[in-house]
């Protein structure tokens, strides 16, 4: 077998992992975020000022926010269930240290602090968990697309061939989910009505970079004979095309149907698609098609997975729009977000039960078809991860009440009171200083560039290195260097306030 065939076989015919293992892995990013925030608060408590050095800030963010994820999906994957416990214990130890060292004037009884926290107010225009969710999906995807070519990355985490729940399968759906949370239909202010098709026009203009990247990837892969797993999307299709068409189709549907009923459209679409898979020959066509997948037999046959799975991804996108609209409801108090956290937990439980029912009555999860179980699974785990981030944010907000003047970037600013202005609750005592340097903010400013660089560097590494036969130490060095270079570029652009987006 040639090197190209070896690498294609290395990521083929896989069956995924368990839902429990994926859920355990999803707890790691919020715990890393919580750990970073607690360390910053502890530093402020000891030195009376935040970390001002950009070099130290970048190193701290990379070592705490990114490096643990690299280890967890490679050499530490056999003990993945113990890592969240260790991180949680470490965070508890830091919190205990902060609680014991806080200033005397802040040493109110714990019950009083909790009561004050519940009455505190948050900025209703800022939901840090959404930003962190989208950034971490990008980071995890960037890690996986290169790590999957090394033997230290467990095969069960890679994309499943037909049925199964791999970590990378969830990453594809999470990308769709994250895009929908900040789509024009969600960000549009309700008191500023716009023409019905204005969001569609904006999407037409905003998706052209995705189409261009899709074409660029297609041409580069074919020209250098880069290894590719054809059964993922087809001969010519790729995820950039999927994301572009899903965004356009969703904007068209939301221009016709009320966006507040997006969940109904998503449900109808997902159920109808599943019925077609179960009662017609559509499933057989997607999985088997024509012998040899000869593109001369038709573009649809050559790219059947990518084209027909659009229906499932569109359902996920529309349901995620509904989640984004729900998150945008005005919740200016901690008590309101605690109630919202309960709502997220209930939604995860309901979706989990529906997932078990769907798999029992129809078929297992299949990213290749994007069937109803896949849509349900993606929504359940994305809401679980989002809920974890909200919980981490609230924990950091509570800790900041113990240490007056401390700040954590990409986290809620909590104040004990509010004043009314023009009929709206306006937080009092909010800091106006520039937020300290932050890797999450840096990646968030140039997310598409971050993902593009990750794809380019992944291709370069695979061309230059025999990844399949790499040793563990060498693999970890390559992955850390790859992620650090990408993060460093984003950090330097952020420091100069450069945003490479003009569409």
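Using the three backbone atoms N, Cα and C, a Cβ is placed for every residue, glycine included.
Remember, predicted model here, so these are calculated numbers, not experimental data.
When the ranges 200-219, 400-419, 420-439 are checked against TrEMBL, the one recorded as transmembrane segment is 200-219. Long-range contacts of the transmembrane segment (239-257) within the same chain, counting only residues at least 6 positions beyond its ends with a Cβ under 8 Å from a Cβ of the stretch, are 172, 175-176, 179-180, 183-185, 196-197, 199-200, 202-204, 206-207, 210-211, 213-214, 217, 233, 264-265, 306, 309-310, 313-314, 317-318, 321. With a threshold of 8 Å between CB atoms, the same-chain residues lying at least 6 positions outside the transmembrane segment (22-44) that come near it are 50-51, 60-61, 64-65, 68-69, 72-73, 80-81, 83-84, 87-88, 90-91, 94-95, 97-98, 132, 136, 140, 165, 167, 170, 381, 384-385, 388-389, 391-392, 395-396, 399-400, 403, 405-408, 411, 436. Each of 56-73, 200-219, 377-398, 448-465, 471-493 was scored by its Cβ pairs under 8 Å to the transmembrane segment (337-357), and the highest score goes to 377-398. If you look at the transmembrane segment (471-493) against the transmembrane segment (377-398), you find fewer than three C-beta pairs under 8 angstroms, all six or more positions apart, and that falls short of contact.
Cβ atoms under 8 Å from those of the transmembrane segment (377-398) belong to residues 19, 22-23, 26-27, 29-31, 33-34, 37-38, 41, 113-114, 117, 120, 122, 128-130, 132-133, 136, 165, 170, 173-174, 176-178, 316, 319-320, 323, 334, 337-338, 340-341, 344-345, 347-348, 351-352, 355, 365, 408, 411-414 of the same chain, restricted to positions at least 6 beyond its ends.
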